[in-house]
Amino acid sequence: MIASALSFIFGGCCSNAYALEALVREFPSSGILITFSQFILITIEGLIYFLLNDVQSLKHPKVPRKRWFVVVVMFFAINVLNNVALGFDISVPVHIILRSSGPLTTMAVGRILAGKRYSSLQIGSVFILTIGVIIATLGNAKDLHLHVESMTRFGIGFTILVITQILGAIMGLVLENTYRIYGSDWRESLFYTHALSLPFFLFLLRPIRSQWNDLFAIHTKGFLNLPSGVWYLCFNTLAQYFCVRGVNALGAETSALTVSVVLNVRKFVSLCLSLILFENEMGPAVKFGALLVFGSSAVYASARSKPKTNGLKKND
């Protein structure tokens, strides 16, 4: 299961990152439409799966629906805000930099809210991993300052991403505790976190419609005479399905910190692929960053977490 989850994460998430970068280059304010498309596809696929294979999970889910509510609110906010941030002068390289603090945030929140304790090897490896991603990204974001036309807008985007990091760490702990209490079922998690989020999009119908119309406003046509942006959106949505499928499957088998570390390594791989596919030079910074990322990941894999002193309480 873990090997399968990793293949989905690195295959789906890296493909998703490529399509996302191509899309936001032409449509930087398409974040809400991107998120909505992803949620629709994943919900439809999940509904078909359960209707054909496991109707009982729709009637009587392993995890109570009211338990999912807190997770769904955070999950929806994280996904929407992450994509919305790209419209506030946050370039893809900067996006990777700011989100690379995930493992550190997970550790801090885990220590404060759940009383988790981590070994020195884990703390050191996560810190070095984060530094590696930042060095590699900064070394190749040569035009970083050109994207910051307004420090106020950049500050808003930065704040949004900080909030999503904290929410993501809290959500990871809640999910970890939920799986410990009720048992893990990544299929159920994938479906309910997306399906129960759909009503929130009713408040965002106007920007969704506007962003969809923007895709058809360009003159560049692709396959079947559809705008290239539509195809990038379709590819991004499909890739995101495989990405979140892998993340949910991994989260059902491992800790929140392990998921965060794996996603950080994935971000670095996405950066390297972005450099290659967009014909950017892979300079010394990327090579040095690679050494830090993969070296620290190997150290983390060999480290073990100390038992929690006190976990989150069951509160339904």
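Cβ atoms are placed via backbone N, Cα and C, with glycine included.
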Quick check on Phe242 and Ile181: does Swiss-Prot annotate them with the same topological domain, i.e. the same side of the membrane?
yes
Between the transmembrane segment (154-174) and the transmembrane segment (188-208), are there at least three Cβ pairs closer than 8 Å, leaving out pairs fewer than 6 positions apart?
no
With pairs closer than 6 in sequence left out, are the transmembrane segment (32-52) and the transmembrane segment (188-208) joined by 3 or more CB pairs under 8 Å?
yes
Whole-number mean of pLDDT values that fall within the topological domain 'Cytoplasmic' (209-214):
90
